[in-house]
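As recorded in TrEMBL, the features of this protein are as follows:
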- 1-18: signal peptide (SIGNAL)
- C28-C34: disulfide bond (DISULFID)
- C349-C378: disulfide bond (DISULFID)
- C428-C450: disulfide bond (DISULFID)
- 534-555: transmembrane segment (TRANSMEM)
- 584-727: domain 'TIR' (DOMAIN)
Amino acid sequence: TWRVLAVYMVLAASLSEQQTLKQACPSCNARQLCNCSSMGLDFIPPGLTDKITVLNLAHNRIKHIQSQDLQQAVNLKALLLQSNKISSIDEDSFQSLAKLELLDLSNNSLAHLSPLWFGHLSSLQHLHLQGNSYRDLGQGSPFSSLRNLSSLHLGNPQFSVIRQGNFDGIELLHKLWIDGSNLGQYEQGSLKSIKEINHMIINLRNSNIFSEIVRDILHSVTWLEVTEIKLPIENKRLVQNSTDPFRLQKVTFKEAFFTDQTISLAIVLLKEITSLKELEAINCVLEGKGIWNTEEIARSGQSYVETIMINKVMIQNFHLFVDLNGMESQINKLKRLTIASSNVFMVPCKLARHFSSLLYLDFHDNLLVNKRLDETICKGSWPSLQTLNLSQNSLKSLKQTAMYTSRLAKLNNLDISQNNFGDIPDVCEWPENLKYLNLSSTQIPKVTTCIPPTLEVLDVSANNLKEFGLQLPFLKELYLTRNQLKTLPGAAPMPNLVALSVRRNKLNSFSREEFEGAQVGTVHLSLMECHRSLVVSVICVLVFLIILLLVAIGYKYHMVWYLRMTWAWLQAKRKPKRAPPKDVCYDAFVSYSENDSDWVENTMVRELEQACPPFRLCLHKRDFVPGKWIVDNIIDSIEKSHKTLFVLSEHFVQSEWCKYELDFSHFRLFDENNDAAILVLLEPIQSKAIPKRFCKLRKIMNTKTYLEWPAGEEQQQVFWENLKEALKS
């Protein structure tokens, strides 16, 4: 017996926990994904089972994680606890989560990290700990058992110390993110224990620590991204007692601050990293005039960097920036250069001629004009350049732009889109080997023989072109999107065309003659463009069916009736809420079902109208004005009656007619918040049987005494006396 009782108690407790879980987090009911975020929870709900693989408890008010909270969730793979108020975690809280792959504890109130929390998380790949309040990682490594860890996010504005041994146990990371904005102490060698890091991001303001960290990661990090740093002025070497081969290939500076002095020193120091191939600066500030220490830079040797990307760099007083004379020896090995959204308006000819190895140049979204372009692309400049992007500048003359770029003998790819040319000449001089030309969004009104015949790809989208009839024998791809074309371009002048984009034009139909027998491989057209008549017909049919459906629904649910009744009620609202005493003709308006008419008309009416003194009752059968709209009759009868008497029964509730009558009675009576309703129950009826929309009537049945028709004759006499008293009140 005691065993049965024990099993019963366990089952009862389990059911109770599952019920609590369902109440706290309805989405957890028998689902693998349990989303309980932003529900105001201050605890982990009980009843979690082994069916759940993803548990989202983010953005709640949880303060403590206890040992038993997650004990049954043994198949959990993702646990999201970010943005709570967690300040303490029991040491064995995650002990049963051997399959967990993602744990997010970011943006909480953890003042320390315990290695015991993570001791059993052998499958963990992603760990987010940033945004808490711990100042260090302890004396040892909290991550020593996390052999499968792939990404680690840690740090916060209070994080100030990194010690040797803090990262022991981690050998390979795809991503390491550290918020070290107030990092003040870094013990040399702390990051050396990690053998390989693909991408390391660190928010760092202490420039001295930057040098120490770089020395430790030269052999492990492939891409280093540093934010908010002010580079040091003192000359601290980045390479000390280190030997090749280095792994570091790319360095990105975000929101960094440079001066003429610090950028000169940075160039010298970064050249020591012989593996470094790519430099990037995003949203940085350069304070200076370009007066760099070019002599020191030249003495430091050749740069190994092949790619430089500069995006949204603010140069204070950029119009005073000098021509960087003396930097020629540092750029002759550069292969790719991007300077975008940085107010560049020219490159000195002398400097441009030394970019002898440059293959790719991107100057999009700058301040280049035709006059300065003549200096930027002077004769002998950019001798190896193959791709040039001048889009989103202030170029006005297509003829001049073409002529200047013709000086680039090896250029085959040119993007001059989103410049406001406005006009196109008949003849232009272009680079001899030009294969790709982007003239989209340049306001040209037509295409002429200015377009070079050597092209293989041409984009003239968004130019309001009305026709296209050029002879382009080598063209393979043509983009004519967002123009005003009414006919397709001819196929014969472009015999090698394999791709044609004509979306968003004014094409109505295609004729066989337009293709002239040319075989079309793949056509990417919208349904509207390809089958306009069919689409219009289908839309018309769907609209007709929707209207038909709405009419059917309106008929079934008497929508017209409700609309007319609502209108009548609104009209009635403008009248005085109660009729003057001289206009009150009846003691009560009687609302009842036709199925109860025998009792109403032969029993109740006889008893009340033959009383002494007699009561005047208003019945719809007898007293409604013939030919008058039913709603107006109801309004007038209620307004001219002292009381409204509802004869409630199962028939009343189920009657559509009574619902209509009760609808308006409900509007008029209970909108006035008066006590004019008398309820008579012919038979027992629950308040929940009354339609929910009659909320005040249901409330009255729950709070107000109503009269119930009794079976015995003696009780019936008491019933009539009570009813008469109610009518008199």
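Start at 1 and count along the chain as shown; that gives each residue its number.
Each residue, glycine too, has its Cβ placed from N, Cα and C.
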Taking every protein chain shown into account, which of the disulfide-bonded residues C28, C378 has the largest tally of Cβ atoms within 10 Å of its Cβ?
C28
Looking only at Cβ atoms, how many others are within 10 Å of the one on C34 (disulfide bond)?
23
Quick one: of C349, C428, C450, which of the disulfide-bonded residues has the smallest count of other CB atoms within 10 A?
C349
Distance between C428 (disulfide bond) and C378 (disulfide bond) at the Cα atoms, whole Å?
18
How many whole Å apart are the CA atoms of C34 (disulfide bond) and C450 (disulfide bond)?
63
